Amino acid sequence: MSGTMIGVIGGSGVYDLDTLTDRTWVAVETPWGTPSDQILTGTLDGVPMAFLPRHGRGHVHSPSTVPYRANIDALKRLGVTDVISVSACGSFREEMAPGDFVVVDQFIDRTFAREKSFFGTGCVAHVSVAHPTCPRLGAACLAAARDAGITVHEGGTYLAMEGPQFSTLAESRMYRESWGADVIGMTNMPEAKLAREAELCYASVAMVTDYDSWHPDHGAVEITDIVRVLTGNADKARALVSRLPALLGAGRAPCPHGCDRALDHALLTAPDRRDPALMARLDAVAGRLV
Ligand SMILES: CSC[C@H]1O[C@H](OP(=O)(O)O)[C@H](O)[C@@H]1O
Ligand SMILES: Nc1ncnc2[nH]cnc12
């Protein structure tokens with residue numbers, strides 16, 4: 001059994017994790033560029049932790065310019081085994097109210113202006129994302145949320161839109177009524193796909209801030225409404241995260257769902273046709289295979 005290292009990607013409103021001990025902000029460079037910010041390392045209940053504010057401290061990056069590949073590579077490079085994404089989201093369900101959390105287990109990827117893979121010409125790989133989140137890690141998030149007294153929903157489909165503008169009313173209704181999405185945000189894709197390519201367990205905790213624009217009693221979402229709910233959600237997110245080390249433990253067996261072996265049969269390019277430059281960039285992400 002090897003060691004667990006928990007990585008937390010903090011979304012809007014979550015720019016620090018003050019519960020960590022031995023806190024150090026470290027600069028990590030990657031072959032995919034510079035991550036959103038320095039990464040806060042430390043420990044919690046004896047488990048090593050890494051925290052990365054997705055938009056950077058001070059909210060510098062828009063959803064389209066978040067360096068998703070650098071972020072995932074940097075976490076992997078630091079030794080992270082399990083990634084918890086905490087993100088603000090709009091809700092398409094009456095019962096998923098502002099202030100509630102949803103442990104998401106499916107995505108609809110509507111993003112189109114982002115780099116979505118570590119692989120490409122010179123090293124082609126196809127991983128499965130049929131089940132894009134890790135059930136073991138999702139279960140731990142659910143237990144941690146319940147223990148923290150948070151109203152949490154088990155499972156849900158997150159529609160990832162490009163943004164940065166919010167949806168039109170027609171889009172909001174279509175995502176909700178025809179496509180069956182439960183929540184909407186702008187950042188969990190390609191993050192979840194990249195985590196799978198990097199063989200990291202990934203779970204997403206979506207924190208509801210609003211009803212997007214479909215709800216007849218709430219009108220169209222405005223950023224001021226979201227910001228009002230963000231602070232309370234961020235406090236709850238920190239309470240959730242602080243319970244995870246005890247639930248996951250310091251030792252780590254192979255993922256029962258195979259997240260840590262996602263690349264086992266995924267690389268199609270023949271070894272003698274692989275591009276050495278790309279293979280060098282894959283040192284962290286696919287280091288055990290290249
Ligand atoms: C603050 S409103 C829109 C913004 O918030 C969410 O960010 P994150 O997922 O990082 O919490 C949403 O996806 C948008 O980027
Ligand atoms: N309604 C919404 N649409 C997209 N991203 C969001 N983040 C928070 N609320 C959102």
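Cβ coordinates come from backbone N, Cα and C, glycine included.
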Quiz item: Can you pick which of SER2, SER12, SER242 TrEMBL lists for the same phosphate site as ARG54, HIS55, SER87, ALA88, THR187?
Solution: SER12
Quiz item: 10 Å Cβ neighbour count around HIS55 (phosphate binding site)?
Solution: 21
Exercise. Quick one: of SER167, MET186, ASP210, TYR211, ASP212, ILE223, which recorded positions lie within 10 angstroms of ALA88 (phosphate binding site), measuring between C-alpha atoms? Sequence order, please.
Key: MET186, ASP210
Quiz item: For the recorded positions ALA88, SER167, THR187, ASP210, TYR211, which residues place their CB under 6 A from an atom of ligand 1?
Solution: ALA88, THR187
Quiz item: Which residues does ASP212 (substrate binding site) neighbour through Cβ under 8 Å, counting only same-chain ones at least six apart?
Solution: GLY90, SER91, PHE92, PHE166, SER167, SER172, ARG176, ILE184, VAL221
